[in-house]
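Working notes for the structure below.
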Amino acid sequence: MSWEDVSKETIVTGEVNTKKVGTYKVTYSYRSFEKVATITVAEDVIPKDMIINNSTIVVGSKWEAKNNFDSVIMSDGTKYSWEDVSKEMIVTGEVNTNKVGVYEVTYDYRSFSKVAKVTVEDVKAKEIVTKDSTISLGSKWSATDNFVHILLNNNNKLSWTDVEKEIVVTGEVDTNKAGVYKVTYDCRGLTKVATITVKDSGKPTQTQSNINKPTVNKPVKPLPQTGESTNPFIYIAGILLIMGTFLAISFKLKKENY
């Protein structure tokens, strides 16, 4: 049953002062049933602080009010983001991003107010920093190898990724031919030349390698000298040959005499 169904028979006793912090008891009596409800009136949560940041942007950049807003800190410690307060936040002041200058923007949230300063400055390229290099014949090379950074007049640095769409590189490096090559980097009205030396590593040829190897002399078996002993079988064979020849001649002479 809803409140409309029982409201005529329900007796409510007790009061709640919503303007005073505290705990209150309210009794609900319906026929033979009775229940007590506790109502706590807490302190109102109000903005305690608002954190706003100053900033410096480059002329021509995009800017929004939320860029300088950090958070609103409530009295209970809760932090509200821009999405939490944007419907109630009132922002006054303009920032002309196409004109160099210092602009003040005021943020008002409920009874809290803070001012942020937005500085629009004209940042220009001060120097293109490159480096010379020496590479081996046949190596790979790209324009990024000799690029270091672009130094701005506010001392910030731009990497290759920051400027790759606008930087112009002229000159070629033939890594298959030894020599000295010049490559020019052109960006934002500045130019810088890098020197790339392609050097032959001078690897030794096969002939040169053989020349450098130490000579190994193989031992040679010497011929027998006069008076040196040799294999006895050779002498025996020689004696038998001489005796055989002598007997053959003797036999022939005897045959002729008869």
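Backbone N, Cα and C define each Cβ position, glycine as well.
Just so it is clear, the model here is predicted, and its values are computed rather than measured.
Here the domain 'Ig-like' (11-41) has, by DSSP, the following mix of helix, strand and coil residues: 0 helix, 21 strand, 10 coil. Summarising the annotation, TrEMBL assigns domain 'Ig-like' to 11-41 (among others).
The domain 'Ig-like' annotation in TrEMBL covers 55-120 (among others). The average pLDDT the prediction assigns to the domain 'Ig-like' (55-120) is 95.
Summarising the annotation, TrEMBL assigns domain 'Ig-like' to 131-198 (among others).
What TrEMBL lists as region 'Disordered' is 201-223.
TrEMBL lists 203-215 with the feature compositional bias 'Polar residues'.
Positions annotated as domain 'Gram-positive cocci surface proteins LPxTG' by TrEMBL: 216-256.
Under the heading transmembrane segment, TrEMBL lists 233-253.
Cβ atoms under 8 Å from those of the transmembrane segment (233-253) belong to no residue of the same chain, restricted to positions at least 6 beyond its ends. Mapped onto DSSP helix, strand and coil, the domain 'Ig-like' (55-120) counts 8 helix, 33 strand, 25 coil.
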